[in-house]
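Peer 1: Here's a structure for you.
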Amino acid sequence: MDESHTIWIEKYRPAKLADIVGQDDIVERLSSYVKSGNLPHLLFTGSAGVGKTTAAVTLAREFFGDSWQMNFRELNASDERGIDVVRNQIKEFARTRPAGDAAFKILFLDEADALTTDAQAALRRTMESYAKTCRFILSCNYSSKIIDPIQSRCAIYRFRPLGPQAVKEEITRIAAREHLDVTPEAMDAMVYIAQGDMRKAINALQGAAILSATIEAPMVYAITSNARPEEIGELLTLSLSGDFDGAEALLTRLLRERGIAPNELINQCYRALTKRDMDRVLKVELIDALGETDFRLSEGASSDIQMEALIARFVLAGTRKR
């Protein structure tokens, strides 16, 4: 395949455990399994884009070498949430003997928290029955959604969101390989958008690179449909100063002209509020309003009405505090 058409998150996916950035403690502990030649069942938990899938794939590569693809299988539980996927695909893979001289195989089940409770119970029985021939690596965003009998059978690894420095180092490395010039402001924009998710940062870089070899902040915000932090600050200032018309005009521009998703705008407002120096009681009231609006949107309420109502609540709250 022409590398110019390759998705960068795959092109630059680490091939070794040691190449994974921002998860040094986890990498060290996983490497110790490779040295020992043995592996327990594992549960990887953490938000998206922090290296869970990469850790599973590189671990299999280092355990099995050239035969890793024959002894490793990846399934996504969100595709098939029911018990049939456990009875059929998972059990069929787990029961067969490993290829070559491998002592066991590895089955990586991504988004395991999407499995129903009954499916998880069946999975637990499968993990017990075929522990000699297959090790399971489960990945999830929320470990609380994994039943206790599975958690107790796994070594649990909590992947934290990647820090700004880790994101910057990876973006700098990729930019050098792709002959891109990334301005400091654009780098800060990608860190802001990523929120610890390396996939988001790399996708933003690739999207911007299609437009120009010189990456600047405005194009990063534009292609990712994010408001600039200063725009969010202006929206809050207008609302809290009582300027409903000004806040409404800016809200309309962000949602309709720029195409920013309402839930993304709520997330950006929340991030700005948590860092804003302001009356604590007022901050609590505003965050409560954000949470209620986010919930109503998730329930299918009209986004136009809910976002207008949110601005109205901000204006009223700011007016009461003046």
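Placement of Cβ uses the backbone N, Cα and C atoms for every residue, glycine included.
Swiss-Prot lists G46, S47, A48, G49, V50, G51, K52, T53 with the feature ATP binding site.
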Peer 1: Other residues near the ATP site, CB within 8 A of the CB centroid of G46, S47, A48, G49, V50, G51, K52, T53?
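Peer 2: Along the chain, the qualifying residues are F44, F159, D197, M198, R199.
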Peer 1: Does DSSP give K52 (ATP binding site) helix, strand or coil?
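Peer 2: The three-state answer is helix.
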Peer 1: When you tally the Cβ atoms that lie within 10 Å of each candidate's Cβ, which of the binding-site residues (A48, V50) has the highest tally?
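Peer 2: Selected residue: V50.
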Peer 1: If you count Cβ atoms within 10 Å of the Cβ of T53 (ATP binding site), leaving out that atom itself, what do you get?
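Peer 2: I get 19 for this one.
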Peer 1: Ten-angstrom check, please: count other Cβ atoms within 10 Å of the Cβ of G46 (ATP binding site), all chains counted.
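Peer 2: Its Cβ shell of radius 10 Å holds 22 other Cβ atoms.
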Peer 1: Taking the Cβ of G49 (ATP binding site) as centre, how many other Cβ atoms lie within 10 Å?
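Peer 2: Other Cβ atoms within 10 Å of G49 (ATP binding site): 23.
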Peer 1: When you measure from the Cβ of K52 (ATP binding site), which residues in the chain that are at least 6 apart have a Cβ under 8 Å away?
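Peer 2: In sequence order, the residues whose Cβ lies under 8 Å from that of K52 (ATP binding site) (at least 6 apart) are F44, T45, G46, D110, S139, F159.
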Peer 1: So if I measure Cβ to Cβ from G51 (ATP binding site) and keep only same-chain residues at least 6 apart in sequence, which ones fall under 8 Å?
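Peer 2: Counting only residues 6 or more apart in sequence, the Cβ neighbours of G51 (ATP binding site) under 8 Å are I20, V21, G22, Q23, I26, F159, L162, M198.
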